[in-house]
């Protein structure tokens, strides 16, 4: 299989793609839209791959096996080394839950499907991106899937269909772009991670490679203009987009079209952009671009994972330098020996080595996954902290299934009193579910019938019109409470998230009217309105309402932080953060709850921060146990810590019940 004539400007263009990506990930400068560099890479890949296939088909020497062996030689060696090093680093640095997820990601990537894994994980309980060393491999999986399917597509478009080849590719491009535009608003995870919504970017490069005549014959003025527009179309999004920009969809068009314009115009002659991109430092960064992409993200993840604070500018610059150094080593000692056929020179040797490596890494990843992140590698103390990172002791037993809401999911504590009318009903989102171990213990020790029900991501409010499942769940629970008439109801939730959103899900959970854009000031008014309406309905049913204020939101995942402190021999008491930060975030919610309780004897307020904080700091650990499952859900031990807060409430309900029976 032949190589294309070398173009320095394309290596320079690779530098223009990789540097904004790295700067964006490391939080350097104003590269708030640096992620568009990935889209530049996709167009370049589509162009080069199609150019190679076209040339070899015209010469009558194209071979699928040769093509895939060449791709394996280009992509897999450096990828394998990065994954192996990540597994080794994770063994020493990661708590079991995160290491288990790393093993799973390795297994998926060996099947060229990590994009599908991260698409599936794009959900409520997913780990934050800074704990995923292989998150960046999603784009490699998209390319690998394209490399498998695209040559087959071109082979199918032959014979009489050959003259329609360009039209067919343009139709597929338009279809993929339309799917991307639709998915950005309806299925943003699908738009970002999946090949059908990304294929149009690769196809843009493919169409460019198949255009008849190229850019020859055009005036120098027009080529200079095209090159200028092209580089502007790439750079402007780098500086003007940010993490809130709906992407990709139409927002990816400037970078995609700009890349195509640059490749087209610079292929004709000596434009000023071609001379710029041919500058040796940019060419060198283009040469290391693949390895730099591979190494910068896991290096950042592992350093940030082990750090106790957000990395400062010196640390980020150090990471940049280290990433460049690792990329250079990878280029010269991993990529080059394979590409120059100094190792596994024959195609059978290369494919055999690639297959064996895929199987080996896949098996290792599966073993890490199967053995739950291999907790046996931890000390007893670290293992105790690590165990808090999963739902335990029936915390999810009372969680309703969103696909089949059923009152059978209501937990009745204790079991021997399940047939009795409940004295207390606890109801809310997953923060309510986290209280289940405490409620079970209190119900059993006091022999009081307590029922509990929850639905993830669903606050116990009236009129949740933007979430149909949540609306139906709350209506069912309200009707159930009005029918059963317990002495009291606990309403618990992650209230602040429904006003301000969070770092993981963004603005997805902010309260709003259907079809409205999220707005925190509107969400504040909706929370007041909907919660007031719920309280009125419950009070009308002669039910006392206990509002549980927000659990302090940690700026880190407690189990992972505690495991890291334990492994490094540092003081676990450092896993804390200022109470003032918590108080500022929940100021509106706390004021609202206090106002609703003031002057209404049938509304009371419970504040977990009175137990979890001391007025100066809020704590993630107590007496050798993690109080949190992640950064916002209480662990079993954390729930039990709230016992003194709940005891007076139960005593009051029990006294009222006894008095009513006299």
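Please read every residue number as a count from 1 along the shown chain.
Glycine residues also receive a Cβ, built from the backbone N, Cα and C atoms like all the rest.
What you are looking at is a predicted structure, and each value in this text was computed from that prediction instead of being measured.
Taking TrEMBL as the reference, the stretch among 107-127, 191-211 described by the feature transmembrane segment is residues 191-211. Given the ranges 55-74, 75-94, the record in TrEMBL names 75-94 as transmembrane segment.
As stated in TrEMBL, the feature transmembrane segment covers range 350-368 out of the listed 350-368, 369-387. Of the Cβ pairs linking the transmembrane segment (277-297) with the transmembrane segment (12-28) and spaced 6 or more residues apart, 3 or more are under 8 Å, so the two regions touch.
Looking at 34-54, 223-241, 247-265, 317-338, the range that has the most CB pairs within less than 8 A of the transmembrane segment (167-185) turns out to be 247-265. Taking pairs at least six residues apart, the transmembrane segment (317-338) and the transmembrane segment (12-28) share three or more Cβ pairs below 8 Å and count as touching. At the 8 Å Cβ cutoff, the transmembrane segment (75-94) and the transmembrane segment (223-241) share fewer than 3 close pairs (sequence separation 6 or more) and do not count as touching.
Note on the transmembrane segment (223-241): residues 16, 20, 30-37, 40, 215, 247, 251, 254-255, 257-262, 264-266, 268-269, 271-274 of its chain, located 6 or more positions outside it, place their CB under 8 angstroms from a CB of the stretch. Proximity of the transmembrane segment (247-265) to the transmembrane segment (34-54) is established through 3 or more Cβ-Cβ distances under 8 Å for residue pairs spaced 6 or more apart. Sequence-distant contacts of the transmembrane segment (350-368), counting only residues of its own chain at least 6 positions beyond either end whose CB sits under 8 Å from a CB of the stretch, comprise 65, 68-69, 72-73, 76, 80, 83-84, 87, 99-100, 102-108, 110-111, 338, 344, 374.
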